[in-house]
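Chemist: Below is one structure. I have some questions about it.
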Amino acid sequence: MQQGTLMRKVKSKGWKKQRYFKLQEDCMTIWYQSKRTGKTESAFSISDVETVREGHQSEVLQSLAEEFPPERCFTIVFYGRRGNLDLIASSAEEAQCWVQGLRQLIEPRSFPLTSALVSCTWIRDWFQKADKNKDGRMNFKEVQRLLKMMNVDMNEDHALRLFQAADKSESGTLEGEEFVLFYKALTQREEVLSLFQDFSEDGKKLTLLELVDFLREEQLEVEGTEELAMELIDKYEPSETARARHVLSADGFLMYLCSPEGSIFNPQHLVLWQDMSQPLCHYFISSSHNTYLIEDQLRGHSSIEGYIRALKRGCRCLEVDCWDGPNGEPMVYHGHTFTSKIPFREVVSTLGKYAFKTSDYPVILSLENHCSMEQQEVLAQQLKAILGEQLLTATTDGRVPTQLPSPEELKHKILLKGKKIGRLEDTLDGPGDEVPDVSDDDNGAEAEEERRRAKVGGTQQRPALQKDRESLAQALSDCVVYCKNVSFRGFQEARSHSRPSEISSLAEAKARKLIRDAGNEFVRHNAWQLTRIYPSGMRTDSSNYNPQEMWNVGCQIVALNFQTAGTEMDLCDGLFSQNGRCGYVLKPPFMRDEETLFNPSDPSSREGPGPVTLTIQVISGQQLPKVANSKDGAVIDPLVRVEIHGVPADQAHQETKYIENNGFNPRWDETLQFQLHVPELALVRFVVEDYDKTSRNDFVGQFTLAFVNIKSGYRHIHLLSKDGISIPPSSLFVHIRITE
């Protein structure tokens with residue numbers, strides 16, 4: 001008998017297995033089983049699904065385009081690093097049924113705990129997990145099992161009291177509303193109730209004026225506080241009667257604190273809030289290394305999925321390694337390794353489709369060109385034909401730039417970064433042959449020496465120019481405008497002979513040496529020209545270096561392996577989670593001045609106000625996830641570590657004590673304090689770990705944000721997984737104060 005919808009699950013052109021797919025009655029789980037054996041192979045939760053793509057939108061389905069029409073094909077894309085699921089339905093109608101159904105199920109998901117829907121879904125999930133015999137009721141033994149599943153090691157007598165109080169029918173089991181009562185008693189937030197009662201005269205409600213007092217005194221909201229209070233009541237108070245009276249109940253107060261307005265992340269900074277009209281070099285730019293790889297650097301799989309994931313994450317600088325391929329078609333892969341290959345044409349098509357779905361601001365395509373002259377012509381032809389007007393092939397005003405254009409001027413444009421024959425001014429109007437003066441005295445000996453060096457440089461350039469013409473196709477060279485690759489020969493050499501439209505790429509070790517030896521010069525250089533940093537070739541496991549030290553000197557394009565989870569990608573996601581996730585973050589003023597005195601190794605060189613003190617009271621945690629692959633019945637012993645990542649003087653971390661056997665509602669009530677000398681560059685990372693006295697602590701969750709995006713007051717921190725995925729309703733409750 002048919003157990004669900006029969007579809008083909010595809011992994012490669014020759015691997016097409018028929019499987020039955022079925023949505024479970026909970027509308028939260030999909031399982032699939034073999035047609036031949038009837039054995040259930042796997043299941044996944046709707047909450048794991050990020051999106052559904054229709055048609056031939058994966059390499060595998062593209063390879064089957066002649067065999068199966070796009071109307072029957074779709075791809076289920078999961079959060080994090082889990083592989084996609086490519087499916088072929090038996091008809092277009094069946095495919096549409098699944099595509100539309102899945103989209104309906106995944107789209108209502110919103111911010112944790114801000115609606116009754118999310119709460120009810122969460123309660124229903126727990127009920128179904130614990131209802132072992134599936135009779136729609138839960139006895140006390142099943143409740144005890146549930147508590148272990150929820151990371152709670154509760155005293156049996158206390159659990160029995162909660163159970164009996166919720167068992168209104170006195171049947172010895174909980175069903176329907178009784179379980180909801182039990183769940184609410186279990187999740188009672190004493191610390192929030194106590195705070196609520198501090199500002200409520202009768203302990204039952206907050207009047208409009210009492211809520212205004214709380215917002216001003218504790219949340220440090222200063223502008224439009226009464227209007228904000230009214231908005232919060234209208235938005236989060238569940239009782240219509242209370243809303244009509246302009247009061248906030250304890251339930252509404254908790255919903256506000258768990259909402260975006262109650263988050264540690266300033267909601268005004270989630271949207272585009274920075275000036276986007278500065279030169280490109282004045283921004284940190286979200287950047288990926290070897291974007292086509294989704295695994296390691298030696299044998300990893302190359303995939304257009306790497307580009308899609310990076311672009312959807314807000315990445316604005318992508319890398320592509322091109323080599324000669326069969327039948328005159330250039331291929332993308334990591335040269336001299338066993339990584340798989342993808343056609344350059346597919347990469348460019350993917351770029352054209354996804355480049356501006358997350359952000360309107362420019363994408364830089366960093367081209368590593370290893371192709372013959374013939375296939376370089378093909379590269380240029382494919383770039384122009386597929387990208388069309390998206391590809392920038394001329395300066396914004398047709399003249400030689402004296403500085404880089406802004407992200408605003410380059411909206412919806414793709415810039416090619418690569419080698420170029422000659423200089424930009426050779427093909428444009430304007431003062432192309434003039435050598436910029438670097439001397440304060442035009443008539444002095446230094447200026448004369450500069451002119452002499454320029455003439456010598458021009459003579460030396462001619463053989464190099466001839467070599468470029470012999471190894472680089474003119475058509476491909478013409479596609480490079482603002483990002484011409486040049487070798488780095490020192491800051492003085494760059495200031496004397498380089499142009500704003502040129503860019504140097506440095507390996508991480510070379511960059512670190514420059515930071516140590518000439519930190520201030522590095523900052524000045526990055527105030528007028530772009531610099532790209534890339535990982536050491538020894539990182540064959542696709543590990544990452546610390547991006548913070550590169551940002552500390554203003555390096556804009558700090559390329560990371562996006563496929564590798566860890567602290568480094570947490571910092572990257574934390575920095576670029578602001579400003580509408582557009583992939584551009586404006587550098588502080590003292591890093592945009594070509595004459596700046598700032599050196600990250602000497603915080604006193606920073607112009608502006610003095611150090612600030614960040615005080616964090618870590619109050620409690622809520623429904624922390626269990627450690628992956630932990631034993632049944634195991635309950636975590638959570639601790640919280642707060643890390644400061646910034647200039648060397650600000651690097652610090654402190655942690656709370658651990659709480660034994662309570663991942664459900666641990667209470668710390670500990671205060672941690674940090675002094676920040678350069679707060680504009682600081683990132684704050686909150687990490688929850690499961691304490692282990694015999695081995696390394698296990699990761700539970702984290703959240704990272706730039707210090708400038710922190711809101712003071714009582715705030716929730718909604719935790720993310722190792723892959724940067726939200727894990728509702730897991731959170732921390734903290735109190736933040738910032739003083740000068």
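All positions are counted from 1 along the displayed chain.
Even glycines carry a Cβ here, placed using N, Cα and C.
For reference, TrEMBL lists these features for the protein:
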DOMAIN    1-107  domain 'PH'
DOMAIN    118-153  domain 'EF-hand'
DOMAIN    154-189  domain 'EF-hand'
CARBOHYD  S169  O-linked glycosylation site
ACT_SITE  H289  active site
BINDING   N290, E319, D321, E368  Ca(2+) 3 binding site
ACT_SITE  H334  active site
BINDING   K417, K419, S505, R532  substrate binding site
REGION    425-469  region 'Disordered'
DOMAIN    592-721  domain 'C2'
BINDING   D637, N661  Ca(2+) 4 binding site
BINDING   D690, Y691, D692  Ca(2+) 5 binding site
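Distances, neighbours, how buried they are, the whole picture for these features please.
Modeler: Summarised as a single figure, the pLDDT of the domain 'EF-hand' (118-153) averages 69.
Long-range contacts of the domain 'EF-hand' (154-189) within its own chain (CB-CB distance under 8 A, at least 6 residues past either end) are made by residues 123, 126-127, 136-140, 143-144, 147, 254, 620, 622-623, 664-665.
Within 10 Å of the Cβ of S169 (O-linked glycosylation site) there are 12 other Cβ atoms, across all protein chains.
With a cut-off of 8 Å between CB atoms and residues at least 6 apart in sequence, the same chain places E319, Y534, P535, A559, L560, N561, F562 near H289 (active site), listed in sequence order.
All chains included, 18 other C-beta atoms sit within 10 angstroms of the C-beta of E368 (Ca(2+) 3 binding site).
Around H334 (active site), taking its Cβ as the centre, 22 other Cβ atoms fall within 10 Å, counting all chains.
K419 (substrate binding site) has a Cβ environment of 15 other Cβ atoms inside 10 Å.
Broken down by DSSP into helix, strand and coil, the domain 'C2' (592-721) contains 12 helix, 62 strand, 56 coil.
Other Cβ atoms within 10 Å of the Cβ of N661 (Ca(2+) 4 binding site) number 15 in total over all chains.
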Chemist: Could you name the residues, excluding K417, K419, S505, R532, of the same chain that surround the substrate site, i.e. Cβ within 8 Å of the Cβ centre of those residues, in sequence order?
Modeler: S366, L367, G418, C483, N485, I503, S504
Chemist: Spatially, and counting Cα to Cα, which of the recorded positions is closest to D690 (Ca(2+) 5 binding site)? Options: S169, N290, D321, K417, R532.
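Modeler: Going through S169, N290, D321, K417, R532 one by one, the closest to D690 (Ca(2+) 5 binding site) is N290.
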Chemist: Tell me which of the binding-site residues E319, D321 sits in the most Cβ-dense spot, judged by other Cβ atoms within 10 Å.
Modeler: E319
Chemist: Of all the recorded positions given, namely S169, E368, N661, which is spatially nearest to S505 (substrate binding site) at the Cα level?
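Modeler: That would be E368, nearest by Cα distance.
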Chemist: Round to a whole number and give the Cα-to-Cα distance in Å for the pair R532 (substrate binding site) and N290 (Ca(2+) 3 binding site).
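Modeler: Taking the Cα atoms only, R532 (substrate binding site) lies 13 Å from N290 (Ca(2+) 3 binding site).
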Chemist: Long-range same-chain neighbours of Y691 (Ca(2+) 5 binding site), Cβ under 8 Å, sequence gap at least 6?
Modeler: D637, P638, L639, Y658, N697
Chemist: Can you name every residue in this chain, apart from D690, Y691, D692, with its Cβ inside 8 Å of the center of the Cβ atoms of the recorded Ca(2+) 5 site?
Modeler: I636, D637, P638, L639, Y658, E689, K693, N697, D698
Chemist: Counting every protein chain present, what is the number of Cβ atoms, excluding its own, within 10 Å of the Cβ of N290 (Ca(2+) 3 binding site)?
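Modeler: Step by step: centre on the Cβ of N290 (Ca(2+) 3 binding site), count other Cβ atoms within 10 Å, giving 27.
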